[in-house]
Every structure is written in C-alpha cells, then in structure tokens.
Amino acid sequence: MRFPLAFAAAQLCAGIAVAQEIPPSERRSGTNFMSAETQAIQADDGSNPGMLWVLQGGSLWDEPAGASRRSCASCHGEAATSMRGVAARYPAFDAASGASIDLAGKIDQCRMTRQHATSLPRESEELLGLTAYVGHQSRGMPIAPPDDARLDAARAEGKRLFQTRMGQLDLSCSSCHDANWRGRLGGSAVTQAHPTGYPIYRLEWQTIGSLQRRMRGCMVGVRAEPFAYGSAEFVALELYLAERAAGLAIETPAVRP
Amino acid sequence: MSRTLVSVPKTARAGEVIDIRAMIAHPMETGYRMGPNGQAIPRKIIRHFACDYDGEEVFSAEFHPAMSANPFVAFSTVATKTGTLTFRWTDDDGKVETASAEIAVS
C-alpha cells in the first residue's frame with residue numbers, strides 16, 4: 001500500500017511543478033489567437049509594417065560593408081535561393097565558437113569575421129532588418145530544428161529554463177504557455193508562445209523586435225531580472241522553443257498585438 | 001535609404017475606382033515623452049502627406065502627433081490615364097521622402 005501512495009504523491013507533485021506539454025496536434029501559431037483585423041494586417045504585404053524592415057534588410061544585403069568591401073550578396077548571392085529555409089533551422093551549432101548560435105548572432109558573426117565590419121548591436125535597425133530579410137525567405141516553411149547531438153545539452157537547458165519558476169510572481173514560462181494557453185491575461189490571449197514570426201512587428205512596440213526582446217518583456221512581467229541580449233540562456237530557450245514549435249510554418253515578419 | 005511601401009494596381013480600366021495604400025517607416029515621436037534621462041524627447045513627426053497622379057494632386061492629409069509610428073494611409077481615386085503616382089511625406093524639418101508607382105490604364 002505504501003508504494004502506490006508514495007508514487008501517487010510524487011505524480012501529484014510533478015503535476016504541480018511541471019505543466020503538461022502541448023501535444024503536437026494542438027499546436028497553434030499565435031496568429032490564430034489574433035483578431036481578424038490584426039490577421040489581415042499580417043497577411044497583406046502592402047499593409048504589414050514588418051515589410052519595411054524586410055525592404056531595409058534587402059538593401060543592406062546588397063550593400064558592401066567593412067574592410068572587405070564585400071556585401072552579403074557577394075558570397076551568398078540571391079537570398080531567395082541561398083537563404084531559403086535557413087531561419088527554419090536556427091538556432092544551430094556554431095563550430096567556430098563551439099556553442100549554439102541564433103540567427104541574429106550568426107548574421108553578426110558573419111559580418112565581423114567575413115566582412116570585417118563592426119558588430120551590429122542587438123535590436124539595432126540594421127540587425128533587425130537583416131534578420132527579418134533572411135527570416136522572410138523561409139516564410140511558409142515548417143520550423144525544422146536540426147537533429148544535432150551537439151545541441152542537446154543547450155536544448156535541455158532551454159527546457160529547464162522554460163519550466164523554472166522565476167521572479168517575484170514566481171511563474172515559469174510553462175505556467176502560462178503550457179498550462180493556461182487557452183486563457184486570457186488582462187484581456188489578451190495568453191497563446192502557446194511559438195516563435196513562428198520573429199522578428200515580429202508588435203503593435204504595442206510600434207516597431208519590429210526580436211524574440212529575445214519579447215522574452216525580456218515576459219521576464220519583466222513576472223518581475224524577474226531579464227537575461228542579457230545574446231546570452232547563452234536566451235539561445236538555449238530559443239532552441240527549446242524551436243523544438244517545441246517544430247512543424248509550424250514560419251510567418252516572418254509576423255504582426256502581433 | 002528609402003523606407004516606404006506603396007501599393008497601387010499595375011493595371012486598371014479607365015474610370016475604375018482604384019485602392020491605393022502607402023506606408024512609411026517613421027518614429028512619429030510626439031514630443032510629449034520623456035527619455036530615460038528625464039529630458040523630453042524632441043518632437044519628430046510627418047506633417048503632410050500628398051499623392052500626385054501625373055502631376056495633379058489627388059489626395060493629401062495633415063498628420064498630427066497622435067498618429068502611430070510608421071503611418072499607413074489608404075484611399076481611393078479614379079483611374080483616368082496611364083501615368084505615375086508620386087507620394088510625398090513632409091516632416092517637421094521640411095525633409096521630404098518620396099515614392100512613386102506606375103499605373104497602366106486601358
């Protein structure tokens with residue numbers, strides 16, 4: 001009698017600590033939670049303000065930069081072919097640094113090591129533009145995290161962070177986005193937190209922003225100290241989020257309320 | 001660097017009502033906000049928007065501080081002849097951003 005009871009108690013504790021993950025059949029992009037009007041803004045390239053950054057990224061792609069006087073296009077050619085599907089498999093493992101790297105980090109690394117140009121700060125118009133332009137080339141493709149054993153440790157760390165309660169409100173990402181994604185918080189849909197359309201044009205920001213900016217907003221919301229831009233913690237979280245959203249279509253640049 | 005997005009039908013029949021949309025990347029800073037240092041962020045908005053159809057003004061609008069960043073304008077006009085639509089955004093400093101699009105009318 002003692003063993004089953006202890007087992008049941010352990011199950012209950014586990015149930016409280018870690019919310020059930022969303023089954024693949026119920027995964028839905030944040031687009032499905034938006035009003036019809038906001039969906040219409042995103043669907044039409046003529047009214048999606050994120051396209052302004054895609055345009056900017058497109059001209060930066062062809063612009064020579066740094067001491068090498070080479071542009072992205074000098075090596076990669078037409079982004080429509082060379083960058084198709086790239087955003088779908090990021091974050092990826094970076095052999096040079098021996099760590100995982102996200103798309104914005106990879107673009108900046110390429111800038112510094114190959115173009116010999118200055119680093120672009122995170123959330124700068126230029127880096128957001130380039131990331132949006134590269135991400136846009138994969139629009140409509142399913143998120144396909146690489147099957148790379150070197151990423152396993154970081155991915156597991158990301159999952160752990162996702163399920164770790166933090167801040168004065170003592171909430172984990174999972175407390176809302178796994179356990180209560182059907183609910184509403186202060187009138188807004190909670191959603192499942194799938195990174196399908198980053199960088200996103202957020203109406204609240206009135207500008208485009210990265211997934212890390214979005215996560216920092218949530219961390220400030222639960223009154224935790226946000227991780228730094230480009231930190232290993234954020235890349236680990238991005239890795240886990242990509243695995244969690246595997247198969248959902250990329251929408252970059254998405255519009256969110 | 002041009003940061004404008006205009007949408008005009010490529011072709012239209014004469015006399016047809018056509019929908020036109022124009023968007024520009026602009027902060028539309030109201031002048032009422034404080035920066036992190038407690039100092040007012042200077043106002044920087046677009047004051048005037050106008051659209052010319054083959055040299056003739058068909059639409060114009062005054063913008064005010066309450067408008068969102070990256071303002072989006074949609075309006076309609078009548079397709080009369082093949083030509084160029086020119087869009088002009090004038091900001092507080094008098095700086096003008098322009099964009100244009102061609103339309104073929106049959």
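Each Cβ is built from the backbone N, Cα and C atoms, and glycine gets one as well.
The shown structure was predicted, so the numbers you read here are calculated from the model rather than taken from an experiment.
Copied from TrEMBL, the annotated features are:
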SIGNAL    A:1-19  signal peptide
DOMAIN    A:56-143  domain 'Cytochrome c'
DOMAIN    A:157-250  domain 'Cytochrome c'
Arithmetic mean of per-residue pLDDT over the domain 'Cytochrome c' (A:157-250): 96
Counts of helix, strand and coil residues, the domain 'Cytochrome c' (A:56-143), according to DSSP: 41 helix, 9 strand, 38 coil
Secondary structure tally of the domain 'Cytochrome c' (A:157-250) (DSSP, helix then strand then coil): 35 helix, 13 strand, 46 coil
